[in-house]
Amino acid sequence: MAIASCWFLVMFVWVLWWLPLMLAVAGPEEEQQREGCSSSGTRCGNLTFLDPFWLTNWQTGKSCGPLDFEVACFFNKTTPVLKTSGLVGFAILNISYENHSLRVVDLYKEKDLNVSSKSCNFPRWNTSGELAPPFKVDPANNQNLILYDCTKTTPQRDTALVEMRCGNASNAFVRAGGRSNETGDYALDGCNATVVPVMSLSSSGKANASDYERLISGGFLLTWDLPPPLRARVQKGDVDD
């Protein structure tokens, strides 16, 4: 995706925007729906964002919902980006309000593994480490992709290992793991491992490690829990789930 080439701009703008918001004290949920906030949803690209999600208003700076659900619209208003505990975020490809799920791309991983860029670097943390409640990796519909940064060119040989095409990183490998809700020992002697969730592109339902760039760019599924005030309203029947 071309999105990765603009990651630094995303990071810079996000820091400038979020610093004052994080220092502010959030009011009650009812007070967040101020004048100027749409009750019928707002669009970014080809997606419509409904409660609890809301789009950053760069002109007024108004908060229209819980900060965890704020979405910034970048790249000529074509790409919605959900913030993370890091500085880049997740580009949103699709959203299902019925299933409380998002298909997203980890922009940090995509940027790091952009082989056409001179800044190709090995990712240093798991995607799950960038998430905080109310968001989590869908435990059943994603498969783990394990990236290895090794101190030697030939780690303990594993037929499932694929050498990564990442600049001068001749000691970098990747392999497909199990489902995100399965436990597994992915350690390799002399290697640092990073786990990235992906959705399979094959009819077999299993990820092919050789396609790691396309798999990461294809995204994975996140799920979310409703914030407490909205959850209470759903249970009372005031809003649709």
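Sequential numbering from 1, following the chain as shown.
Heads up, the Cβ atoms here are built off N, Cα and C, so glycines get one too.
These come from TrEMBL:
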SIGNAL    1-24  signal peptide
DOMAIN    37-106  domain 'Wall-associated receptor kinase galacturonan-binding'
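Mean pLDDT across the domain 'Wall-associated receptor kinase galacturonan-binding' (37-106) comes to 89 in this model.
Secondary structure by DSSP for the domain 'Wall-associated receptor kinase galacturonan-binding' (37-106): 3 helix, 30 strand, 37 coil.
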